[in-house]
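A.B. asks: Okay, handing you the structure first.
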Amino acid sequence: MKIWSSEHVFGHPWDTVIKAAMRKYPNPMNPCVVGVDVLERSVDGCGRLHSLRLLSTEWGLPGLVRAILGANRTLTYIKERSVVDPAARKMELCSTNITLTNLVSVNERLVYTPHPENPEKTVLTQEAIITVKGISLGSYLESLMATTISSNAKKGWAAIEWIIEHSESAIS
């Protein structure tokens with residue numbers, strides 16, 4: 001098992017970042033996400049928005065990794081649940097893979113909150129738990145996947161900035 005975590009501060013207010021995060025895919029920074037389907041969306045009695053989405057991703061796995069995993073399939077699916085609580089000014093998003101679960105599990109949690117000292121900024125904390133199951137070189141693959149998650153997190157931050165920038169230019 002490998003645990004990866006990170007914190008990133010956006011130079012934008014929470015509501016701006018959340019609107020962009022909800023429209024994060026597709027984006028040119030991370031073209032491996034090839035589809036997003038909203039399966040459920042509802043608002044509860046406390047005004048929290050609950051969403052369940054299915055993300056379709058195309059991972060260009062290196063030949064060595066495909067050989068170790070014994071899988072030629074590179075199209076994978078991810079289940080993403082999110083809760084946006086406007087009263088608490090918090091968005092929590094949890095995702096897990098639903099493809100290749102017999103080989104690997106990746107559970108990711110993202111939390112967006114206003115910066116505690118500057119309301120014009122937003123803090124994103126991320127954590128991923130990666131477990132490769134029953135494969136030799138499992139710890140190597142877990143480290144490789146953690147590196148990929150780190151790279152994709154940076155692409156995600158850039159995508160949110162890109163969406164905000166393009167939303168603001170469309171308004172002005």
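Glycine too: its Cβ is placed from the backbone N, Cα and C atoms.
Note that the coordinates shown come from a computational prediction; the quantities given were computed from them, not determined experimentally.
Residues or ranges marked as domain 'PRELI/MSF1' in Swiss-Prot (evidence: sequence analysis): 1-172. Residues annotated as site 'Important for interaction with TRIAP1' in Swiss-Prot, with similarity to another entry given as evidence: Val36, Leu49.
I'd like to know what surrounds each of these features in this structure.
C.D. replies: Following the DSSP three-state reduction, the secondary structure of Val36 (site 'Important for interaction with TRIAP1') is strand. There are 15 other CB atoms within 10 A of the CB of Val36 (site 'Important for interaction with TRIAP1'), with all protein chains counted.
Long-range Cβ neighbours of Leu49 (site 'Important for interaction with TRIAP1') (same chain, at least 6 residues apart, Cβ-Cβ under 8 Å): Arg41, Ser42, Val43, Ser82, Val83, Val84, Pro86.
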